[in-house]
């Protein structure tokens, strides 16, 4: 029997409007090997992958190319082939889970031992079996998606940006898991990622898609000490949780100085995103008081005098922008309502904001989210948050769906912002939930969320 | 892509929409294409098609072609208005019920579900006895269609509440109404226009059923459904008097259903 695994030759994909998305792409993933598909966001990694698996979305067409599995052409009607051979973990993990099914049914969808699979990905089967996707955190959803993919013991495991919502501990676990399965010689693994470090550590071979721009020099490391005058945000006695479950935060304290960059870390499901949503006024805490610049800050966003003061960049890039509206509208609206700019001034400012997050305005302004890549959407939603010139920026895994170069650029931008080098006259404090070492490295302080409290930790410690 | 290919691509994309628009225009303005009076007796009843009367004559010797061309206007307008009212009612209440997490919201949704349990045609007949044409069609379409719209819209709104774009709008302090109109409604515009189309087909069916059962527009109206009822007995003498309005009704319903499908994309 031929064991050559997946082989893709001279694959080209075009949109029905004639734009070339993937040109002359080739790839070989033999059984027993781990191959990484690496490239910046928007380069067409996911498209190339979907074309190889035979699940191109409407609006994209396979122009040419041959796709083989174990030396045989992959069947043109590929659904049965995928069911019997492929385990796929999608980029938007939560979106790939059936919203009405409990975890046990989702993981067992394609057969296999549910409890064992959940155990392998580091989830407690007893605790999560009966939960439904909306009750899982981003990281847990990703682990459930992974458990489903490996439960059926696939011949080809495909991981699309598996690390975007995982904490380092889980990432290590996934890496071990993939390596161990690959070593058995039966399973071929294809890893799609923008994370050079992960690809280098895990993969036997790396295939690059698109041009990789030269990384910019790291910015100056000398940062002014945060002002001691008036804190940008002070929170005391914060109790936070969801109905009918133990509190996520119990009596937590938090203080942010203007221009300070504070990172929050913690395992999946510990309540990091809920903390940010509470600060943004979207989730009512059980108890606690907040002050901004010396004044009491009401919790519900509607009761806040200046809603533009705090801006949130949410985690889920798939639903961060309105599918019916052009990306430009997402920026023009806050520029109009929060800053009072007229249409013309807002357009000029929107171009500047897009340039600041590393996007070309003409490529983005008139497009709808469906025509943008995950990384581009993430950057638009960051630009939207910056449009109101917030004093406090809450960032939930902002760099998770970005490639190393873009992530670096975004972090530089955040650095410039908090040092007041963007001509905005303000120095926003940044509170970033993250798993990424690059973000932790830039932070002035790192807080660890565990057992209901926020504890200051060392940057390196896990 | 070559220019020819692109042109044919555009043709494939727009030709069905163009044909659908043409059918709608014909239903609304077909009367302008003929000088023949649709209400005037011109020849012997049930005359078969001839050079002078291409589709023959009906029960009272009136020209079937002229009556068919005139007969779509009122029907299409009533169906359109009924659909618009039903979808608007359903959408407005659905947005509110899906957004507010109050008990009143769930109670309204439950009440709407109860409405669905009523046999629609029976309700329409009762209304037809009570109120004049065209109100029975409109009221029955709202009673039978709006609860379905309400359910779908409430569900979509509930899900939209936690999307990034709605949360971004909320966190910059936009009022609820602005969030609903600027973010939630546009995001579900495909759903809403598809819903509108389905309600229009329902209204068309109700209008036809009521007219065939004798509760349609009064004579000498040339409403297609009225034509069906009047000419059924003369089927052996002039089949065209029944087939022409039946064909027109079918094509109109198909075109609306097709347009709804396209809108959903």
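Even glycines carry a Cβ here, placed using N, Cα and C.
Heads up, TrEMBL stuff is auto-annotated, nobody curated it.
TrEMBL lists B:12-33 (among others) with the feature transmembrane segment.
Taken from TrEMBL, the feature domain 'ABC transmembrane type-1' applies to B:72-260.
The transmembrane segment annotation in TrEMBL covers B:75-96 (among others).
Sequence-remote contacts of a segment are chain residues at least 6 beyond its ends whose Cβ falls under 8 Å from one of its Cβ atoms, and for the transmembrane segment (B:108-129) they are 93, 96-97, 135-137, 139-140, 143-144, 146-148, 150-151, 154, 206, 209-210, 213, 215. The transmembrane segment annotation in TrEMBL covers B:108-129 (among others).
What TrEMBL lists as transmembrane segment is B:135-154 (among others).
Sequence annotations record features per position, and here TrEMBL assigns transmembrane segment to B:196-217 (among others).
Among the features that TrEMBL reports, transmembrane segment is placed at B:237-260 (among others). Residues 16-17, 19-20, 23-24, 27, 46-49, 55-59, 64-65, 67-68, 71-72, 75-76, 79, 193-198, 200-201, 204-205, 208, 224-225, 227-228, 231 of the same chain lie 6 or more positions beyond the ends of the transmembrane segment (B:237-260) yet place their CB under 8 Å from a CB of it.
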Quiz prompt | Beyond the flanks of the transmembrane segment (B:196-217) by 6 or more, those residues with Cβ under 8 Å of it | solution = 74-75, 78-80, 82-84, 86-87, 120-121, 124-125, 128-129, 133-134, 136-138, 140-141, 144-145, 149, 223-226, 228-229, 249, 252-253, 256-257, 259-261, 263
